[in-house]
Amino acid sequence: MGHFTFTGLCLLAMFLSLRGAECYTCPIDWLPKNGLCYKVFSKHKTWFDAEKYCRKFKPGCHLASLHSNADAVEFSEYISDYLTGRGHVWIGLRDTKKKYIWEWTDRSRTDFLPWRKNQPDHFNNNEFCVEIVNFTGYLQWNDDNCAALRPFLCQCKY
């Protein structure tokens, strides 16, 4: 009976909402968007440790992937609200082959790359992980050394 009640309420909410309701449940302090849940973490970690931290939540969790300017704007507002002045933020994009071939940790398509001017540059042949840059209002990206310590943005399928 409870399953039918939840399903019925979800359908009712979808019909009553102007945008439609997303019928999944994110943990209370996570941001729901496009069937996924997102959370920014202020603890500074290397890119690899941040990816490992995201994966510990459950299968299907990774550093976040962004696929449109609308996503970038929404996440810039979300990150700015939680990390005022706390530095750049790791996302799940990396050049694993070190040949300017950028890949997301969730294996989604690489279809949106809002790089800062003159980026990516693999500076000193040592920058292969991607961060959202704070002084661009968290709207543009830079490649950086994967060992740098940064806050990070996780995404999970719940």
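The backbone N, Cα and C atoms fix where each Cβ goes, and this holds for glycine too.
According to Swiss-Prot, the cysteine that forms a disulfide bond with Cys26, out of Cys10, Cys37, is Cys37. Disulfide pairing as given by Swiss-Prot: among Cys61, Cys129, Cys156, Cys146 connects to Cys129. In space, Cys129 is the closest of the disulfide-bonded residues Cys37, Cys129, Cys154 to Asn142 (Ca(2+) binding site), judged by Cα positions. Counting residues of the domain 'C-type lectin' (33-155) by DSSP class, helix then strand then coil, yields 29 helix, 36 strand, 58 coil. Other C-beta atoms found within 10 angstroms of the C-beta of Cys26 (disulfide bond) number 16, with every protein chain shown included.
Straight-line distance linking the Cα atoms of Asp143 (Ca(2+) binding site) and Cys129 (disulfide bond), rounded to a whole number, equals 5 Å. Cβ neighbours of Cys54 (disulfide bond) (same chain, under 8 Å, six or more residues apart in sequence): Cys61, His62, Leu63, Gly92, Phe152, Cys154, Gln155, Cys156. Of all the recorded positions in the record (Gln119, Asp121, Cys129, Cys146), the one with the smallest CA separation from Cys37 (disulfide bond) is Cys129.
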